[in-house]
Amino acid sequence: MNLAIIKYNAGNIQSVLNALERLGAPATVTDDAEALRRADKVIFPGVGEASTAMASLRANGLDGVLRELQQPVLGICVGMQLLCTHSEEADTEALGIIPVNVRRFPAGAPGEKVPQVGWNTIHDLRSPLFKGLPEESYVYNVHSYYAEDSAYTIARCHYILDYAAAVQKGNFYGVQFHTEKSAATGDRILQNFLDL
Ligand SMILES: NC(=O)CC[C@H](N)C(=O)O
């Protein structure tokens with residue numbers, strides 16, 4: 001399988017690569033439009049601030065390339081947030097591929113600090129992306145912003161409020177949590193994505 005990871009100015013590319021290597025699925029990290037179009041699957045990772053990540057995509061013309069991809073695409077963390085319409089983080093106009101807004105967590109109870117950092121469970125799993133995983137599977141999170149629940153939600157999570165842990169529209173999938181840091185559950189989700 002020809003697997004591409006979008007190269008732009010955002011973190012966690014190396015840890016996604018390592019996770020894929022564990023699964024025996026080596027990937028190419030590239031910002032070349034033709035290579036991205038030709039790939040069987042594309043992973044859009046991300047750790048960082050939404051407006052900076054979006055600016056980096058635009059500077060390389062990758063926003064247009066991304067919107068037109070036809071094969072399965074998986075956005076992770078900021079990658080997922082940028083597939084959406086808008087993020088409250090620095091009032092960022094995102095790619096608008098999945099019509100969902102990304103908002104900042106309100107202040108929570110004393111035990112619920114923002115950002116959410118650590119393990120939490122996901123539920124209402126309804127996508128082949130979660131094949132073989134039980135409800136309340138644990139995944140690893142680091143974020144202050146979340147995608148609002150909508151008709152595009154394919155998994156939910158509760159932290160301060162209910163939000164979309166994963167979204168999908170057509171060939172575009174996004175997960176808020178870090179598959180590459182979610183141990184066996186994360187590996188299973190990545191493998192399921194490769195199997196789509
Ligand atoms: N881990 C991250 O990169 C966080 C992504 C985004 N800035 C958020 O806080 O939601």
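Backbone N, Cα and C atoms are what each Cβ position is placed from, and that goes for glycine too.
TrEMBL annotations: computationally assigned, not manually curated.
Under the heading domain 'Glutamine amidotransferase', TrEMBL lists 8-194.
Cβ neighbour count for Cys77 (active site, nucleophile): 28 (other Cβ atoms within 10 Å of its Cβ, all protein chains included). In three-state terms derived from DSSP, Cys77 (active site, nucleophile) belongs to neither a helical nor a strand segment and is classed as coil. Look at TrEMBL and you will find Cys77 tagged as active site, nucleophile.
Taken from TrEMBL, the feature active site applies to His178 (among others). Taking all protein chains in view, 22 other C-beta atoms sit within 10 angstroms of the C-beta of His178 (active site).
There are 26 other Cβ atoms within 10 Å of the Cβ belonging to Glu180 (active site). Reduced to three states, the DSSP call for Glu180 (active site) is helix. As annotated by TrEMBL, active site applies to Glu180 (among others).
Looking at the domain 'Glutamine amidotransferase' (8-194) alone, the prediction's average pLDDT is 96. Each residue contributes its Cα atom, and for His178 (active site) and Cys77 (active site, nucleophile) these two points are 6 Å apart. Rounded to a whole number, the C-alpha distance linking Cys77 (active site, nucleophile) with Glu180 (active site) is 11 angstrom.
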